[in-house]
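Colleague: Pulled these features from Swiss-Prot for this protein:
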TRANSMEM  26-46  transmembrane segment
TRANSMEM  71-91  transmembrane segment
TRANSMEM  106-126  transmembrane segment
TRANSMEM  132-152  transmembrane segment
TRANSMEM  193-213  transmembrane segment
TRANSMEM  217-237  transmembrane segment
TRANSMEM  251-271  transmembrane segment
Amino acid sequence: MIAAPTQLAIMPFPNIDPIALSIGPLAIHWYGIAYVAGIMLGWFYARRLARTDRLWPNDTSPISAQHLDDFILWAAGGIVLGGRIGYILFYDMAAVAANPIRAIEIWNGGMSFHGGLIGTTIAMILFARRNGIPVWSMFDIIAAVAPIGLLFGRIANFINGELWGRIADVPWAVVFPTGGPFARHPSQLYEAGLEGLVLVVLLAIAIYVFKALKTPGTVTGIFVCGYALSRIFVEFFREPDAQIGYLAGNWLTMGMVLSTPMFLLGLWAVLRARSATKSA
């Protein structure tokens with residue numbers, strides 16, 4: 001058994017009530033607010049990108065603001081359904097098989113980013129084909145704004161005191177209410193910074209400085225690669241899901257396994273975009 005590290009300095013957990021507002025029997029959770037805030041701010045930024053013709057191929061945006069207005073419900077459905085189904089398939093299949101009603105108990109389990117990505121991708125393909133939008137351009141505009149949702153979502157994970165990191169003795173380690181007596185890495189904030197803030201800035205630079213939207217698929221590839229690398233890195237500090245644990249040794253996690261093919265897909269998307277541009 002590995003001994004816990006000696007902890008000389010820790011940060012107190014900011015004990016924020018997961019329920020932001022209660023109106024009678026209705027409880028509004030920070031997690032729900034984070035989802036709504038991420039979608040709405042992403043929608044606002046996406047509308048700005050769609051209105052800026054000079055960023056797109058032939059200086060003409062293939063996506064209108066009305067398209068984005070119509071896509072909000074599609075995106076929400078893809079995120080929630082894909083995220084929940086993905087969590088069940090990747091992390092909680094045994095428990096759901098034993099108690100099927102658990103599948104709809106979103107509060108008793110969680111959501112999977114990888115599942116949400118698959119669900120949103122399906123929604124984007126169907127929406128783009130229905131509205132005559134180039135699929136790669138649809139992917140690009142959503143990829144450009146997705147880190148905003150990730151930023152808010154990971155902060156909400158921290159407020160909820162969930163998905164905490166491994167035991168640590170760094171000065172910024174935190175004792176989480178549900179994480180036992182030892183201080184842990186605030187891995188949710190690591191993810192918020194890398195998958196959220198850093199990635200949205202990198203994508204903005206790619207779009208506004210290097211005109212990445214003019215080569216459809218480039219922004220998508222950068223996002224997918226960036227997320228995958230960030231997630232793999234943070235997995236070294238994040239506690240694996242208790243019902244799965246480590247898949248091999250004392251280091252390989254499900255998050256790493258799911259993110260590795262993501263990186264390869266992102267790299268393929270970037271190379272495909274460059275090849276298509278050269279042959280055009």
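Count begins at 1; order follows the chain as displayed.
Note that Cβ sites are derived from N, Cα and C of the backbone, with glycine treated the same way.
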Colleague: Could you name the stretch, out of 26-46, 71-91, 132-152, 193-213, with the greatest number of CB pairs under 8 A to the transmembrane segment (251-271)?
Modeller: 71-91
Colleague: If I count Cβ-Cβ pairs under 8 A between the transmembrane segment (193-213) and each of 26-46, 71-91, 106-126, 132-152, which range comes out on top?
Modeller: 132-152
Colleague: Quick test of the contact rule: Cβ under 8 Å, at least six residues beyond the ends. What residues does that give for the transmembrane segment (106-126)?
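Modeller: Same-chain residues near the transmembrane segment (106-126) but 6 or more away: 71, 74-75, 77-92, 95, 135, 138-139, 142, 150, 162-163, 227, 231, 258-259, 262.
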